Amino acid sequence: MSAAHRPPAPLILTCGEPAGIGPELAPKALAADVPFVWMGDPRHLPAGTHWAEVSTPADPAPAGALPVLRHDFPAPNTPGRPDLTNAQAVADVIARAAAMAMAGQAGGICTLPISKQALKQGAGFAFPGHTEYLADLAGGVDVVMMLASTSVTPPCRVVPATIHIPLEDVPRTLTPALLERTIRITHAGLIRDFGIPAPRIAVAGLNPHAGEGGTMGWQETDWIAPLCERLREQGLAVSGPHPADTMFHAPARARWDAAIACYHDQGLIPIKTLDFAGGVNVTLGLPFVRTSPDHGTAFDIAGSGAADPSSTIAALRMGWDMARKRAAA
Ligand SMILES: NC(=O)c1ccc[n+]([C@@H]2O[C@H](COP(=O)([O-])OP(=O)(O)OC[C@H]3O[C@@H](n4cnc5c(N)ncnc54)[C@H](O)[C@@H]3O)[C@@H](O)[C@H]2O)c1
Ligand SMILES: N[C@H](C(=O)O)[C@H](O)COP(=O)(O)O
């Protein structure tokens, strides 16, 4: 079988914060019915979990068992109460999985939620989250964070140009270079990983009513609209800047394949409102596939068994689909 048609190696599902809902999502994720192994400390799995240790993602595991790539942690987990002595191991699991994906030992990674606060306090984690950490692990590549729906029509795929920064920093961080880079990485990702040959990209204005012709903010008239026009002249199907509050209802969504938001909540509120259970976080621009559920550690319900696995299942299925596309390319 030629390399072009060899299926990718299974995905690695990283354990995330052991005190969050990750450990109870891991066995539930088997319902995704795609090849993956869970990387973490089996002591953190719910009692009664049917698991089997494997040495590599490609190793077979007994039917119905959660394949475990073991990674020992210093401390057991108490649902809802992160133990900061485990923080470094949380980060190490992500790095180990990324290295295996870059080496071709895994078809990609799907990351269960981390607590950014616990990582920062417990391990001096220097990154806002997985997105920036994985970009650094991949050699400092430019990436974007996309939240993509899987169960609404028309789909909702949103990429915020600025991510985990205080709102007051958004206007000075949102530069023409950053917005153009975000648009181009998104455009390439829609082609490569979503199989959309001619992506349509809608850009949200920063200000209410997209600046109302310059009477409610200057960025749109000063540089966002000229940037969109220049990219259109270069052949990219880029529209906007649009008033953000009328971009996300169904008829509006039908006019684009991805929406570029100016800041985190401008984009994540609509997608998580429309499809919280089916939303998937995708990092575009990495040399390997990375998806993640669209939620966090849910400390308020951790350990209760109430965690909905739908987003993790959607993330694993999307990651596997992307891995197969890349293997066949
Ligand atoms: N990709 C990630 O690793 C990621 C994503 C978002 C937030 N976080 C982190 O998670 C922590 C908590 O963040 P938050 O409270 O803002 O968001 P959250 O998503 O953890 O929780 C928000 C609300 O949604 C509920 N919820 C979340 N996932 C659920 C699920 N699968 N099933 C049922 N209910 C669910 C929670 O119970 C809570 O009421 C923070 O440290 C944050 O940084 C991590
Ligand atoms: N901003 C995302 C969300 O709210 O779902 C999430 O925090 C992304 O974090 P990572 O970079 O750790 O995937």
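Easy rule for this one: first residue shown is 1, then count along the chain.
Every residue gets a Cβ built from N, Cα and C, even glycine.
According to TrEMBL, the protein carries these features:
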- His130, Thr131, Lys272, Asn281, Arg290: substrate binding site (BINDING)
- His164, His209, His264: divalent metal cation binding site (BINDING)
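Here the features listed in TrEMBL are painted onto the structure.
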{"residue": "His130", "record": "substrate binding site", "DSSP class": "helix"}
{"residue": "His164", "record": "divalent metal cation binding site", "DSSP class": "coil"}
{"residue": "His209", "record": "divalent metal cation binding site", "DSSP class": "helix"}
{"residue": "His264", "record": "divalent metal cation binding site", "DSSP class": "helix"}
{"residue": "Lys272", "record": "substrate binding site", "DSSP class": "helix"}
{"residue": "Asn281", "record": "substrate binding site", "DSSP class": "strand"}
{"residue": "Arg290", "record": "substrate binding site", "DSSP class": "strand"}
Cβ atoms near Thr131 (substrate binding site) (within 10 Å, other residues, all chains): 24
Neighbour count (Cβ, 10 Å) for Lys272 (substrate binding site): 19
Cα within 10 Å of Lys272 (substrate binding site) - qualifying binding-site residues among His164, His209, His264: none
Binding-site residues (His130, His164, His209, His264, Arg290), the one with most neighbouring Cβ atoms at 10 Å: Arg290
Listed binding-site residues with Cβ under 6 Å from ligand 2, out of Thr131, Lys272, Arg290: Thr131
Using Cα positions only, nearest of the binding-site residues to His130 (substrate binding site) (His164, His209, His264): His164
Distance [Cα-Cα, Å, rounded] between Asn281 (substrate binding site) and His264 (divalent metal cation binding site): 13
Distance, His264 (divalent metal cation binding site) to Thr131 (substrate binding site) (CA atoms, angstrom): 13
Surrounding CB atoms that lie within 10 Å of the CB of Asn281 (substrate binding site), all protein chains: 25
Rounded Cα separation (Å) that holds between His164 (divalent metal cation binding site) and Arg290 (substrate binding site): 18
Rounded inter-Cα distance in Å - His209 (divalent metal cation binding site), Arg290 (substrate binding site): 34
